[in-house]
């Protein structure tokens, strides 16, 4: 039986290993993590992350050929293939601060592998890492190997949260990068055989190590670029009276462009897009490519601009102040069908409103109050460190109120901000919500979830991203 060990039981490691275990019953899969709480949750009925379909996959395999453990050294020593899926946060100090990836956790994992390995291993990069990371990790392993041979592979993940299980079952492609040596090719083939249990061979792409590492960064940069592009157009639509949904539909019918990732919104979030672009920017700067670096920086600038523009629109619409006014926020996760809040636009929007002394009340169907309060207390980039290493806020004062009901969140509010496109928000009784609010009642739709005309008929003053402006808003421009 082939033995696989995955170091890191997070959003990537957990679901990926669960699907490998399901599709490869002859493979033993063990997911290890330093966090006792996280491993306990993976072994319980309440998994530590929410992802549609994940519960079923884990329940089918757990205890059969899928295991979760904190005994990291034991399972690394036994494994044939070791996936490393640890945090690679953006550095907050020192060389490359604010852009470069911090590879501390990756290096620690590599040193542990070298210390406990007694037989040859295939080590697989699953975390998103800078180009040439494999070379650095290879040097650590070789210099500490004591006669053990290691082959380093890059196998980046291309999962979209909310559809991760579906993506793993039916991937567009599986990318495996390795050394172009006989040993490297043999290692690539070994990992390819694992995926070949359910992925068609023509979807398993093999490249050299550097191409695989760069492909992951480039893919996320291209996707983020599309979102910033349509968001830039959304600002122009509001200024001219065009409708961004109609514009996006028209250009999406061009087969060279296609319709995906053309939904205007309050901004992109998630653990990868901003981090990977900043990483790309740093790599370009290090290789003497400032023009390329500045090009990708502008993708993030537009994203920040979109969030600021949204907050300013809220404040300017409500008589240029939200001080002491209750603002209901519907949705805190960075997208629907996930409980993930990493880099969610809701953090910056809420902080912007709090900066103007608003009383913010939040409802999200999947995000806990503890997580929301933690996110609003953390400094930028702190979220990407393991929870037990994250600094805790010194204050016990909770900056926002959190409810478990949308109607409670909106009761008595002056304005409603929709920041996540949860399906349930399309079905709310907005007449009931309107009647419970202060008047005039404002609706700020950051995801174009509701029909603005129907909301106006109810009585709301409505702002929808990239839609023709309500006459009330035309007279109150949002100056950024």
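Positions of Cβ are set from backbone N, Cα and C atoms, glycine also.
Where the annotation comes from TrEMBL, it is an automatic prediction and has not been curated.
The NAD(+) binding site annotation in TrEMBL covers 8-13, 33, 38, 86-90, 127-128, 161, 272-275, 342. Residues annotated as active site, nucleophile in TrEMBL: 272. The feature domain 'UDP-glucose/GDP-mannose dehydrogenase C-terminal' is assigned by TrEMBL to 328-452.
In the domain 'UDP-glucose/GDP-mannose dehydrogenase C-terminal' (328-452), helix, strand and coil residues by DSSP number 43 helix, 19 strand, 63 coil.
Ranking the binding-site residues 8, 274 by how many other Cβ atoms lie within 10 angstroms of each Cβ puts 274 at the bottom. Around residue 161 (NAD(+) binding site), the C-beta neighbours below 8 angstroms that are at least 6 residues distant in the chain are 11, 51, 270, 334, 335, 337, 338, 340. On the backbone, the CA of residue 8 (NAD(+) binding site) and the CA of residue 272 (active site, nucleophile) stand 16 Å apart.
Cα of residue 90 (NAD(+) binding site) to Cα of residue 272 (active site, nucleophile): a span of 11 Å. Neighbour count (other Cβ atoms within 10 Å of the Cβ, all protein chains): 24 for residue 33 (NAD(+) binding site). Of the recorded residues, residue 33 (NAD(+) binding site) and the residue listed as 'active site, nucleophile' place their C-alpha atoms 21 Å from one another. For residue 87 (NAD(+) binding site), the Cβ neighbour count at a 10 Å cut-off comes to 19, with all displayed protein chains included.
A simple way to gauge crowding: the CB of residue 11 (NAD(+) binding site) has 23 other CB atoms within 10 angstroms, across all the protein chains here. Residue pair residue 87 (NAD(+) binding site) / residue 272 (active site, nucleophile) shows a Cα separation of 11 Å.
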